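Undergrad: Before I ask anything, let me first share the structure, which is written out below as structure tokens.
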């Protein structure tokens, strides 16, 4: 790629981001956009920070939200949104801090060393490309490669230092956050699976009570057996649908919307008499009460129970110990939050989980293989110069001025990002089939699946397919020069990844804050179908499974090319600064306005992020081992192998030092929190909260009040 293509990509992305951010600042002020940008406040019927009357200020773009984002403190985020949101923001800070230092080293040391080297290729060879600033301009055996090795050592040790300090800080924040939320019922509760059937009573419940009364006599308090509520769940879905129809029909009867706003009103499914739907809802309610009857529901007990204890210390001890000589019986683990539980997955037997996950692994592998087709096609567009050699009709594109720069500089990254956008949602669907008992664990699993998919398919496949297309002709004509051609191709791909970072950062983050898909659906729903969103706000949980892997891929790209092509690094600073501003708005401002907090893992995402960053360091060092080998510098390769071993030892130390505290609650911390509750007289109240917290949705009371049923929630969550 030449400089013209890179400038075309930068110009397109900067222009698009300015347009999108301006559109966002205008749409956010419009009352009609409140269900999208203030969904939470709309649902709670709170005051909205918008302009009720028309004025020119509503049409004037502003950038004040960016300055407000950088004034938000970490204490505010932690207190209001929890540690998971803070981990995301600290992740962006981590990237900004790291790549700022790397950029200084790269621009002040590596770029001049690469450009002024006379041992590499001739200057005319690089007259139309940017390879003169990369390690490709360093000849074989050149002693300047030791400068690259020294920079590699500094970058490696610097990121290891940052990782260690970040782990320490987040660990302290995790323990403090647990102590500040002592009323959480999951701190007193243990999930028990593999409960054996009581032979005498043909039930599981009495067996649970007998076992824990005998083996945990001083700390055991009560239990909640889990029942199979599949039939009730179906009826609840039907009841919710009827309730929504009744509500919409009553609204239409009052509002009487204009006919031209309801083009599809004749096909709308909510047409009918509300009394008919109310009678149907009454019948469904009676069937739900019948199925909830004790004599019927007890016949559908599952070998799963939530056991509550009198103290956090007792719960932590029970969750972290083996209860039976048979490891598949009486298996215990810390219970997830009540709002985090996926109740239907508790019915899956433990011994089938391995089978489920093997099948999903195969499905994810097939998806990865299938995705190789668009990635290879994208690289074919990016390597336009080589494409002209193998497909001469492509030269016709050069007739139109600037078109080739647009095709090679902007279009490939746009296509790749468009394909990538759907991957997280596909992976979270696959993860939902693996049988995880909580939403947080499912999304953490999806997070890892997306990351490995991006590493294998976006990074490696883009690199290999680009190298193949670029070097295939030279490899046949000069087979002895293939290693040097491959090393040059690795450096040359930095241009493509620069455009990828620009597109994912500038355009991607801008579209993220605009929520283009949701805005489009809102316009279609309100104008075309005439539906009201007054009580049906767009509430979603924050997509950690999408944000964390994509940002980790950006760090991976920056790490691998930090020594090879330092010109990439300043673009990553822009990437993380804009990402921080956007996601402060998303995780702090918008969690008050739009995103719902569906769970709080107390920072358990950070060990996953640490693992992703460890993989990026390993890939950077392995890549440099190969580069030094191809550049005929075996001493540097051997020294990098020693650096690689040190990195692996550091990661093993972090596993021993930090990971156990993220997986379990230490007995010491649990005891301190119990003592604090006793001093403040809150221990009994927190125990009672834990006893009543784990009621599945289908076992909660159904409220119904005649004709006013559409005004009340179907299920009471109090």
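Glycine is treated like the rest: Cβ placed from N, Cα and C.
Automated prediction, rather than curation, is the source of TrEMBL annotations.
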Undergrad: With TrEMBL as the source, which of 636-654, 655-673, 674-692, 693-711 is set down as transmembrane segment?
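TA: In TrEMBL, the transmembrane segment feature sits at 636-654.
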Undergrad: Which range is it, out of 360-382, 383-405, that shows up in TrEMBL as transmembrane segment?
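TA: Going through 360-382, 383-405 one by one, TrEMBL flags 360-382 as transmembrane segment.
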Undergrad: Across the whole of the domain 'CSC1/OSCA1-like 7TM region' (358-628), what does the mean pLDDT come to? Round it, please.
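TA: Taking every residue in the domain 'CSC1/OSCA1-like 7TM region' (358-628) and averaging pLDDT yields 74.
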Undergrad: Sequence-remote contacts (6 or more beyond its ends) of the transmembrane segment (414-437), Cβ cut-off under 8 Å?
TA: 191, 336, 341-342, 345-346, 348, 352-353, 356-357, 359-360, 363-364, 367, 371, 374-375, 377-378, 381, 443, 445-446, 449-450, 453-454, 458, 462, 500, 503-504, 507-508, 543, 545-546, 549-550
Undergrad: The transmembrane segment (636-654) and the transmembrane segment (570-588): do they have three or more Cβ pairs under 8 Å, with pairs 6 or more apart in sequence?
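TA: Not in contact, no.
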Undergrad: Can you work out which residues elsewhere in the same chain, 6+ from the ends of the transmembrane segment (636-654), have a Cβ less than 8 Å from its Cβ atoms?
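TA: Here the qualifying positions are 145-146, 148-149, 152-153, 156, 160, 163-164, 167, 610, 614, 617-618, 621-622, 624-625, 628-629.
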Undergrad: Take the C-beta pairs under 8 A between the transmembrane segment (98-115) and each of 6-27, 145-164, 544-564, 609-630. Which stretch has the highest count?
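TA: That would be 145-164.
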Undergrad: Of the listed stretches 6-27, 145-164, 497-524, 609-630, which one has the most C-beta pairs under 8 A with the transmembrane segment (544-564)?
TA: 609-630
Undergrad: What same-chain residues lie close to the transmembrane segment (145-164): Cβ under 8 Å, and 6 or more beyond its ends?
TA: 94, 97-98, 101-102, 105-106, 109-110, 113, 135, 138, 559, 562-563, 610, 613-614, 617, 620-621, 624, 628, 631, 633, 636, 639-640, 643, 647, 650, 654
